[in-house]
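What follows is a set of notes on a single structure, which appears directly below.
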Amino acid sequence: VRTELEAVELEDGAAVPKEFANPTDDTFMVEDAVEAIGFGKFQWKLSVITGLAWASNYAMEMMILSILAPQLHCEWRLPSWQVALLTSVVFVGMMSSSTLWGNISDQYGRKTGLKISVLWTLYYGILSGFAPVYSWILVLRGLVGFGIGGVPQSVTLYAEFLPMKARAKCILLIEVFWALGTVFEVLLAVLVMPTLGWRWLLILSALPLLLFAVLCFWLPESSRYDVLSGNQEKAIATLKRIATENGAPMPLGKLIISRQEDRGKMRDLFTPHFRWTTLLLWFIWFSNAFSYYGLVLLTTEFFQAGDVCSISSKRKAVKAKCSLTCEYLTEEDYTDLLWTTLSEFPGVLVTLWIIDRIGRKKTMALSFLVFSFCSLLLFLCVGRNVLTVLLFIARAFISGGFQAAYVYTPEVYPTATRALGLGSCSGMARVGALITPFIAQVMLESSVYLTLAVYSGCCLLAAVASCFLPIETKGRGLQESSHREWGQEMVGRGSHSPGVPRSDSGSQE
């Protein structure tokens with residue numbers, strides 16, 4: 001309890017001393033401290049480390065799929081269904097583990113869950129480079145996918161250290177690390193594949209994870225998690241460390257300990273306050289992955305045919321082609337992969353510009369609508385140049401919508417279920433990624449227009465789902481307790497100093 005303070009008279013325009021960060025409050029919450037400390041040197045370091053996890057543990061391992069599959073198709077003479085299974089098994093691993101990693105992060109800490117998943121991916125990523133036969137590479141890549149399912153927890157940890165104004169922009173900029181990771185993987189493949197082969201590519205691609213595993217020792221545990229689990233001293237120590245690194249004041253008074261709750265329970269995602277939100281978010285994440293990976297597969301098919309109207313005749317011409325016929329990736333193929341990756345940068349920039357202006361819900365809805373509109377325009381027999389423009393616009397917006405979902409989901413769930421909520425949504429996204437090859441490749445052989453109609457219709461429904469989300473998180477602090485109305489953490493706690501923003505009050509929209 002703070003003792004009585006002597007009044008201090010300040011000259012006009014003089015700054016309040018650092019030791020009086022919030023002299024009118026007797027207590028403060030983690031949200032107050034994060035807002036008072038602000039964005040500084042600590043968050044810059046955390047941004048780089050989180051981006052490294054995103055690039056090495058996610059982007060590079062996913063990009064390998066488009067390089068490894070054709071190589072093994074030729075080298076091991078695999079039929080096309082076995083090549084497809086090599087990709088699908090990674091998504092199966094991610095789907096089966098996403099909720100598990102979220103549960104671990106809510107039960108034992110964000111840092112713990114992230115560390116274990118990275119070490120898991122590193123171990124099996126290197127081991128897959130020594131696979132002697134197809135069955136071994138299939139099992140080992142599935143285990144790699146199991147580890148990749150824990151990567152979204154880096155966003156949970158990252159978001160819980162970010163002040164409200166910087167949160168959306170910083171999480172969106174992780175997409176830049178995704179693009180950098182995929183570009184690096186393609187360049188690594190250009191250097192390694194012609195001389196050392198795919199085994200060395202798998203081993204070298206896993207090594208950046210070793211750097212992240214070492215840097216994990218610098219990462220602190222989330223203060224929000226520590227407070228929720230009753231570890232007040234550790235939370236205070238972490239907040240003081242951040243304030244020291246940023247050169248910012250710590251709030252005065254006593255840190256409020258939130259009511260300790262059961263953490264990582266699936267039933268908490270379906271309480272009356274969050275049931276509708278969870279179901280809508282699951283469909284939104286499913287649609288995002290279904291459309292994004294579907295577009296990636298369709299792009300290759302459309303470019304090979306020249307335009308949409310030529311695909312049906314092309315399919316008939318190659319019907320009798322042997323499934324064992326293979327083609328190694330050429331320099332031109334690697335160049336196309338680079339251009340396809342770079343096309344996502346405009347989507348990030350557009351999303352970055354609008355997400356704090358129109359809100360998270362409308363940003364996701366707009367992304368789905370633009371993708372759906374571009375899909376409908378592909379019904380026309382457009383030329384190669386117009387086809388390229390439409391595909392790039394569609395990919396830019398669907399990738400931007402994906403990042404908007406990554407911003408919204410950690411913001412909407414309370415600390416006790418934040419990691420589990422994000423993990424379960426990521427798991428639903430992998431279901432969409434699993435299904436989309438059967439639409440973009442199998443259904444495409446029967447009907448191009450039915451395939452496009454499926455993607456367009458799915459995104460229209462997802463746009464409607466985005467509008468019906470009960471909560472808009474723009475301009476609001478992260479919720480600490482699931483036992484209070486959303487956004488009510490700060491109500492009735494006295495006045496705040498100008499340096500400590502107060503969360504908007506109000507129930508669900």
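In case you wondered, yes, glycine gets a Cβ from its N, Cα and C as well.
Automated prediction, rather than curation, is the source of TrEMBL annotations.
Not measured: the values here are computed from a predicted model.
Copied from TrEMBL, the annotated features are:
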- 47-474: domain 'Major facilitator superfamily (MFS) profile' (DOMAIN)
- 480-509: region 'Disordered' (REGION)
- 46-69: transmembrane segment (TRANSMEM)
- 81-104: transmembrane segment (TRANSMEM)
- 116-137: transmembrane segment (TRANSMEM)
- 171-192: transmembrane segment (TRANSMEM)
- 198-219: transmembrane segment (TRANSMEM)
- 273-293: transmembrane segment (TRANSMEM)
- 363-380: transmembrane segment (TRANSMEM)
- 386-408: transmembrane segment (TRANSMEM)
- 420-440: transmembrane segment (TRANSMEM)
- 452-471: transmembrane segment (TRANSMEM)
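Counting C-beta pairs under 8 angstroms (sequence separation of 6 or more), the transmembrane segment (386-408) reaches the transmembrane segment (273-293) with 3 or more such pairs. Highlighted: of the candidate stretches 81-104, 171-192, 198-219, 363-380, 452-471, 81-104 has the greatest count of Cβ pairs under 8 Å to the transmembrane segment (420-440).
Taken together, the residues of the domain 'Major facilitator superfamily (MFS) profile' (47-474) have an average pLDDT of 80.
Non-local neighbours of the transmembrane segment (363-380) in the same chain are 284, 287, 291, 295, 302, 308, 351, 354-355, 387, 390-391, 393-394, 397-398, 400-401, 404-405, 408, 449, 452, 455-457, 459-460, 462-464, 466-467; each lies 6+ residues outside the stretch with a CB under 8 Å from one of its CB atoms. Where the transmembrane segment (273-293) meets the stretches 46-69, 198-219, 452-471, the count of C-beta pairs under 8 angstroms peaks at 452-471.
Sequence-distant contacts of the transmembrane segment (81-104) (same chain, at least 6 residues past either end, Cβ-Cβ under 8 Å): 61-62, 65, 68-70, 72-73, 112-113, 116-117, 134, 137-138, 141-150, 152-153, 264, 266, 419-424, 426-427, 430-431, 433-434, 437, 441. Residues 53, 57, 61, 72, 76, 78, 82, 86, 97, 101, 104, 143-144, 146-151, 153, 199-203, 205-206, 209-210, 212-213, 216 of the same chain lie 6+ residues outside the transmembrane segment (116-137) yet bring a C-beta within less than 8 angstroms of a C-beta in it.
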